[in-house]
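Visitor: Pulled from Swiss-Prot, these are the listed features:
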BINDING   Gly11, Pro12, Ala13, Gly14, Ala15, Gly16, Lys17, Gly18, Thr19  ATP binding site
COMPBIAS  169-185  compositional bias 'Basic and acidic residues'
REGION    169-195  region 'Disordered'
Amino acid sequence: MAERLRIAVDGPAGAGKGTVCRAVARRYQWAYLDTGAIYRAVALHALNSENFEETSLAQWAAQMDFRFEVDAQGDAHAFLEGTEVTNKLRDEQVGETASQVAAMPAVRTALLDFQRNYGSPQSVILDGRDVGTVVLPDADLKIYLTASLQARAQRRTLELQGKGESVSMDRIKSRIEERDARDQSRATAPLAAAPDAQTVDTTYLSQTESIETVARLVASLLEKP
């Protein structure tokens, strides 16, 4: 068994990747990276600098100072250039811009080394859309976490309502559907399960069941000589 393990978890928006990966990272004291957040970080920079030119953003992305920390409660905190930006990355405008940034081939290429080396020399678990297919095609374990559109929309709606936001589930469902279509059809690194990924459908699983299902896959990997 390699000293540094790299776990790739891919799947559509709302499947529970972040919750599951944070829990596993905390359990094993591994590094964790939400790869979608690094695109949000680039989007935040683009909005702040009012610069949306692909080459310029790619140059900035290649040198950006970004890290994730998971606290004792299992919550992830994002830091950009030493400043916590967790809440800013969740802004709706940042999210929409991130989707545009993620479709820029030069930006995706610039961020590849960052993702591949993240957390070294620690073992690491990464979640995203193309981790197992593009970022870590040689990952020690690949998981494709998915759920029905209805289940994902329901979870996202409850999450936002829990934060005091007034949202329509129909609108959330429509946005997720649009995001799915965009992620699956983009020319560069479209969302897809790696051929050797293990699929976990969380549609009818509770949060705890989803975490334990993935944790069992990780435990099986750790038991290998």
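A Cβ is built for glycine as well, from the same backbone N, Cα and C atoms used for every other residue.
Describe the structural context of each listed feature in the structure shown, including burial, neighbouring residues and relevant distances.
Guide: Residue environment of Ala15 (ATP binding site) contains 25 other Cβ atoms, counted within 10 Å of its Cβ in all protein chains.
Long-range contacts of the compositional bias 'Basic and acidic residues' (169-185) within the same chain, counting only residues at least 6 positions beyond its ends with a Cβ under 8 Å from a Cβ of the stretch, are 12-14, 99, 103, 129, 149-150, 152-154, 156-157, 160, 191-192.
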Visitor: Relative to the Cβ of Gly11 (ATP binding site), which residues of the same chain, six or more apart in sequence, are found under 8 Å away?
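Guide: Residues satisfying the criterion: Lys17, Asp127, Arg129, Tyr144, Leu145, Thr146, Leu191.
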Visitor: Within the chain of Thr19 (ATP binding site), which residues six or more apart in sequence place their C-beta under 8 angstroms from its C-beta?
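Guide: In sequence order, Gln207, Ser210, Ile211 meet the Cβ cut-off.
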Visitor: Reduce the DSSP letter at Thr19 (ATP binding site) to three states and note it down.
Guide: helix
Visitor: Identify which of the binding-site residues Ala13, Lys17 has its Cβ surrounded by the largest number of other Cβ atoms within 10 Å, counting every protein chain shown.
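Guide: Comparing the binding-site residues Ala13, Lys17, the most crowded Cβ belongs to Lys17.
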